[in-house]
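Colleague: The structure's right below; bear with me while I get my questions together.
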Amino acid sequence: MGNFGIWVLTICLIFQSGYGFYLPGSYPLKHVVGNYLSVKVNSLTSIDTEMPFSYYSLPFCKPVEGVKDSAENLGELLMGDRIENSPYRFKMHTNETEIFLCQTNKLSSDDFKLLTKRIDEMYQVNLILDNLPAIRYTRKEGFMLRWTGYPIGVKIKDGYYVFNHLKFKVLVHKYEEANVARVMGTGDAVEGFPSVGNKGSDVPGYMVVGFEVVPCSVVHNGDLVKNLKMYEKYPSLIKCEPTTVSMPIKEGEPIVFTYEVTFEESDIKWPSRWDAYLKMEGAKVHWFSILNSLMVITFLAGIVLVIFLRTVRRDLTRYEELDKEAQAMVNEELSGWKLVVGDVFRAPSNPALLCIMVGDGVQILGMAIVTILFAALGFMSPASRGTLITGMLFSYMILGIAAGYVAVRLWRTIGFGDHKGWVSVAWKAACFFPGIAFFILTILNFLLWGSRSTGAIPFSLFVILLLLWFCISVPLTLVGGYFGAKAPHIEYPVRTNQIPREIPAQKYPSWLLVLGAGTLPFGTLFIELFFIMSSIWMGRVYYVFGFLFIVLVLLVVVCAEVSLVLTYMHLCVEDWKWWWKSFFASGSVAIYIFLYSINYLIFDLKSLSGPVSATLYLGYSLFMVLTIMFATGTVGFLSSFWFVHYLFSSVKLD
């Protein structure tokens, strides 16, 4: 209860501030003029292969003090981020030009081949200053395009050229404690924020609010740098022309790296410094498409709901208005769902598997709701790297209690209150979906290990994940199962006959209708799915979690309605095997998402090269659709179970 109170207080503090809000773990840093600013490097990334590699896997300059890893959270490691220190450093508010960085050793045959290969695969260098990624602007057809990072080099005809001179621009905003106090929501809070440097608060300082880079390819004179040390001034003028390249890569020759930096005071305030990264191209189309999708799906769902309610109510009203004698007379003439009263609650095939999948689905759905809600409130912003994945992982583990409870209680309901086997069901619920996920991700991890990618999960992290699984998730699921075993099972409103009723021959395969039912839930998702896929595979930033939460709520409603209607239709044709069909009626949306993923691979990721990259893409897509199938199928099943229970408890049948 104490933790809940802290969260509520934090949210209230955020919303009480009229000047903006800050993200937990992120705060303004005061940099005094002349203080050193250190640039960090992240993994090299490419939309061509989707495999990140370490920055220092290529022949780049290394810092004097040696390469050191920055502290990383679980989410960053799982996402393949490897943040390390770099030799680039600036003095706050001090412009510098022609800074010599280093001259590499002569390129060996292996270094030359690797460098040209990375250029062919369009790898980008990702730099970070004060938690801000370097941003690059290019103009194309009159439009200004934004990119994070810069390419290693470029291939022109048969020649390879490397970007060996970087022109940095750092945007700064004057640090004013009164303004910062308003940002934080309280004047007392400022005392707790660190200021870089040992000087007093009366010394003027600045906050970094922007970090831009322009890469250039410049030919340097190797003889001029023989006796130069790092950070000394290059003896001749360097002209940085981003539209021309002149530094070819040649085997057996070294590369000279230089840089320059200018500081510019900006009106951008600290809470708004991420706006440049969060602006998405075609934003108006994005918002209009989402709104249009919401309106159409809401309209269709409303129609389905009205028809459904009118049909069921008419059946119930007509039946309940008959007196007992009339009921006896028409008993033989009953048709549809009234005839399957003695079989509708007959246990399905593989009941334990159904209980386990529903329990895991509740856990996944709960994780999605909690994660998206906190992300919409700003607690899992792109400014806090890795927090989204970390939050998803820990919320999933904690919600193991819900998985165990639902799985065991459903098991006892199907077994008419029998406690036997509940430990086995709870244990399998704790291991079924995580086991599938672990199997898929382990295979993909071996591919990444073989490619020496930083996207591969280190063995130590594997051990940590296994410990989290078996020391936190499994015990919590068993605890939930214990409470599910103690809770009263759900009583069926009607008795089940000993001999199952024969299902009449159907005009069409019932499973065909079940598979087709996933189209309507897919209609609520596919526009948002495009932006999510672009964020994952094209390196774009996704931030509209408020809309995503609305889409998630709408998806739950549509899945419930689709499953209800299909269950009713099956009962009307005397098909009492509704259990699994209600699960897959809404869960079949996963099939369409997987087909969409293949379509996205063919038409949007045309540049994705190599069988390893394609296998990684399809493997991660399969993992994603299985997750969605568990969550949506659970919504459909639980809503259908409630409907069947309500329908047969509302009618008096002998």
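Even glycines carry a Cβ here, placed using N, Cα and C.
Keep in mind that what you see is a predicted model, and the values were worked out from it rather than measured.
Found this in TrEMBL, in case it helps:
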- 1-20: signal peptide (SIGNAL)
- 287-309: transmembrane segment (TRANSMEM)
- 352-376: transmembrane segment (TRANSMEM)
- 388-408: transmembrane segment (TRANSMEM)
- 429-449: transmembrane segment (TRANSMEM)
- 461-485: transmembrane segment (TRANSMEM)
- 511-537: transmembrane segment (TRANSMEM)
- 543-566: transmembrane segment (TRANSMEM)
- 578-602: transmembrane segment (TRANSMEM)
- 622-648: transmembrane segment (TRANSMEM)
Colleague: For the transmembrane segment (352-376), could you work out the same-chain residues 6 or more beyond its ends whose Cβ comes under 8 Å from its Cβ atoms?
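Modeller: Beyond its ends, the transmembrane segment (352-376) has Cβ neighbours at 388, 391-392, 395-396, 399-400, 402-408, 410-411, 414, 421, 424-425, 428-429, 432-433, 545-546, 548-549, 552, 556, 579-580, 583, 627, 630-635, 637-638.
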Colleague: Taking pairs 6 or more apart in sequence, does the count of Cβ pairs under 8 Å between the transmembrane segment (543-566) and the transmembrane segment (429-449) hit 3 or more?
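Modeller: Output no: the transmembrane segment (543-566) is apart from the transmembrane segment (429-449).
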Colleague: Using Cβ atoms and a strict cutoff of less than 8 Å, what residues sit near the transmembrane segment (511-537) while being 6 or more residues removed from its termini?
Modeller: 47, 50, 280, 286, 289-290, 293-294, 296-297, 300, 544, 547-548, 551, 554-555, 558-559, 562-563, 566, 569, 581, 584-593, 596-597, 600, 604-605, 617, 620, 632
Colleague: Please work out which recorded stretch in 429-449, 461-485, 578-602, 622-648 has the most C-beta pairs separated by under 8 angstroms from the transmembrane segment (388-408)?
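Modeller: If we count Cβ pairs closer than 8 Å to the transmembrane segment (388-408), 461-485 scores highest.
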